Amino acid sequence: MDGIVPDIAVGTKRGSDELFSACVTNGPFIMSGTSASTANGNDSKKFKGDSRSAGVPSRVIHIRKLPGDVTEGEVISLGLPFGKVTNLLMLKGKNQAFIEMHTEEAANTMVNYYTSVTPVLRGQPIYIQFSNHKELKTDSSPNQARAQAALQAVNSVQSGNLALAASAAAVDAGMAMAGQSPVLRIIVENLFYPVTLDVLHQIFSKFGTVLKIITFTKNNQFQALLQYADPVSAQHAKLSLDGQNIYNACCTLRIDFSKLTSLNVKYNNDKSRDYTRPDLPSGDSQPSLDQTMAAAFGAPGIMSASPYAGAGFPPTFAIPQAAGLSVPNVHGALAPLAIPSAAAAAAAAGRIAIPGLAGAGNSVLLVSNLNPERVTPQSLFILFGVYGDVQRVKVLFNKKENALVQMADGSQAQLAMSHLNGHKLHGKPVRITLSKHQSVQLPREGQEDQGLTKDYGNSPLHRFKKPGSKNFQNIFPPSATLHLSNIPPSISEDDLKILFSSNGGIVKGFKFFQKDRKMALIQMGSVEEAIQALIDLHNHDLGENHHLRVSFSKSTI
C-alpha cells in the first residue's frame with residue numbers, strides 16, 4: 001500500500017490509494033471534480049484499492065506527512081533534481097500528494113535517493129514511496145488549477161522559457177512561488193576550509209541561472225546572498241541544498257529565503273559579483289582572490305571551462321552514483337560537481353578526488369626562496385604540519401634555499417600551499433609549488449646528507465592522525481594571533497609573554513580563555529613573528545607533563 005491514512009468520516013484506516021476510484025486497476029487515475037473533493041478529505045466514500053505492491057516501480061510517486069501549509073512548488077521541487085515532473089495531485093486534507101515523473105527511471109532514482117536521505121519540508125520529515133498507479137490524469141477542475149499552474153511555471157523554467165514563468169498570469173493562477181523571493185540567504189557553518197564565491201556559483205548554478213552573489217562575514221559566520229533569475233530556481237536550490245555539506249563533515253549550507261527581492265552589486269571581485277554586468281569595476285587595486293589563486297595554481301583562470309564533470313560531492317551527496325544508479329539529465333545536487341582547480345585547497349577535508357591534483361605525486365611540495373642559513377627540516381615540519389601530516393622533508397644539499405615537503409596526501413599539500421605560499425619565513429617570502437616528484441627519497445646508506453633529509457612518518461606531533469580530529473576544525477591561514485592550548489595551571493600570563501618574546505618577537509596582546517584557562521590567545525608584532533613563534537614553541541615543554549600546542553587563530557585580541 002502507499003501508506004495508511006485515516007478516513008475522516010468513517011474512522012477506519014486504509015491504503016491512501018483507496019482515495020482513488022474503484023474502477024482503476026493499474027491504469028491512469030482520472031481526477032474528476034467529485035474525486036477532487038474526496039482527495040481533499042471532504043468525502044467519506046470508501047474506495048477499493050488495487051492490488052499492486054507499493055514497492056513496484058511506477059512513474060507516480062506518493063508523498064505523505066506533508067506540512068499543512070506546503071505549496072505546490074515545494075512538492076514539485078522534490079522531483080526536479082531527478083527529471084521532469086509531468087503531473088501533480090495535491091491531497092491537502094490528507095497532507096499528501098502524488099507526483100508523476102516523466103520516466104519510470106527518474107521516479108526510481110528519486111525513490112531510491114529519498115529512501116537513503118529523508119527529505120524535509122518546513123522542518124518536517126516527509127515520506128516518499130511508489131504509488132499503486134502507473135499514471136496520473138487530471139481534469140480541469142478548480143482544485144487542480146493551482147497545481148497545473150505551478151507545473152506549467154516550473155516546466156517553462158526548465159525549458160528556458162523564463163518569460164512564461166515570470167508572467168503575472170502564471171503567478172495569479174496559483175504559481176506556488178507567488179510572493180517568494182528569488183534571493184537566498186546562505187550561511188556556511190563549520191567553515192574549516194575556504195569557500196569562495198566561485199565555488200558557491202558552481203554549486204548553485206546547477207539549479208538555475210544565478211544573477212548576483214554577495215559574500216560577507218557576520219557574527220563570525222561566512223554568509224552570502226544569492227539572487228536567481230526566478231523564484232522557482234531559488235526554491236529548488238533551497239530544498240536540495242539546505243543542510244548539505246560542501247565537503248565531507250564540514251562547510252554545511254544553511255539556506256533561507258531573503259527578505260530582499262533583488263541585490264545591488266557595485267563591484268565584481270572576490271566578495272561580490274553581478275553576472276549580468278561584467279563591466280563593473282573591481283572596487284580596489286588589489287588583485288581579486290580569483291586572480292591570486294589562479295596564479296598560485298598556475299591556472300589561466302578559476303572557472304573550469306568544461307561542464308560539470310570530474311570531482312563529485314562527498315558520498316553522502318552522491319547516493320545515486322554510489323548505488324550505481326543512472327541519473328539522466330539531473331539538474332540537482334546529485335549530478336557530479338566540478339570544483340574549480342583553484343578551490344582545490346578547500347576540498348582537503350573532504351578528500352575529494354580532483355582531476356590532476358589527487359595523484360600520489362601531488363603530495364610533494366617544492367618550497368623555494370628559503371633562507372639557507374636558517375632553514376631546517378624540523379622548522380618546515382612544524383610549519384607545514386599545521387595543514388597536514390608531514391611525512392618527509394628534504395632540504396636540498398647543494399641548493400639549501402630549496403626543499404621538498406611530502407604531505408600525507410594531495411589534498412593536504414594543496415591546503416598547505418594555498419595557506420603558506422608568499423608568507424615570510426626567516427625574512428624571505430617562500431614560494432610553494434607542486435613538485436614533479438611522487439615522494440621524497442631517503443638518503444642511501446653512506447650518502448652524505450648532513451641531516452638535511454628527515455622521515456616524520458611516525459611522528460607523535462602529527463595533528464591529524466585521528467580520523468575526525470577536532471584539529472580539522474581549527475585550520476586557519478597564518479595570522480599575527482596564535483591560539484595556545486594545553487597550558488598547565490602553574491603557568492601565568494607573564495610566563496607566556498616572556499617565553500614568546502624570548503626569540504626577539506614582540507608580544508602585543510594576551511588573553512586567557514574565560515571558560516578554560518588551559519587555552520589562550522597571544523598576539524605577536526607581525527604575521528612573520530607569529531610564524532616563527534609557532535615553529536619555535538609548538539610542543540614546548542612547559543613542565544608538569546604539559547607540552548604547549550600552538551596554532552594560528554582566526555580571532556584577534
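Numbering starts at 1 and runs along the chain as displayed.
For all residues, glycine too, the Cβ spot is worked out from N, Cα and C.
Listed in sequence order, Asn95, Gln96, Gln124, Pro125, Ile126, Tyr127 are the same-chain residues six or more apart from Lys65 (SUMO2 cross-link) with CB atoms under 8 A from its CB. Taken from Swiss-Prot, the feature SUMO2 cross-link applies to Lys65 (among others).
As annotated by Swiss-Prot, SUMO2 cross-link applies to Lys218 (among others), with the evidence given as similarity to another entry. Taking Cβ-Cβ distances under 8 Å and a sequence separation of 6 or more, Lys218 (SUMO2 cross-link) has no neighbours in its chain.
Under the heading domain 'RRM 1', Swiss-Prot lists 59-143, citing sequence analysis as support.
Annotation source Swiss-Prot lists domain 'RRM 2' at 184-260, citing sequence analysis.
In terms of DSSP secondary structure, the domain 'RRM 3' (363-437) contains 20 helix, 21 strand, 34 coil. Taken from Swiss-Prot, the feature domain 'RRM 3' covers 363-437.
According to Swiss-Prot, the domain 'RRM 4' annotation covers 480-555, on the basis of sequence analysis.
Residues or ranges marked as N-acetylmethionine by Swiss-Prot: Met1.
Look at Swiss-Prot and you will find Tyr127 tagged as phosphotyrosine, backed by similarity to another entry. When other Cβ atoms within 10 Å of the Cβ of Tyr127 (phosphotyrosine) are tallied across all protein chains shown, the result is 16.
Secondary structure of the domain 'RRM 1' (59-143), assigned with DSSP and counted as helix (H, G, I), strand (E, B) and coil, comes to 29 helix, 30 strand, 26 coil.
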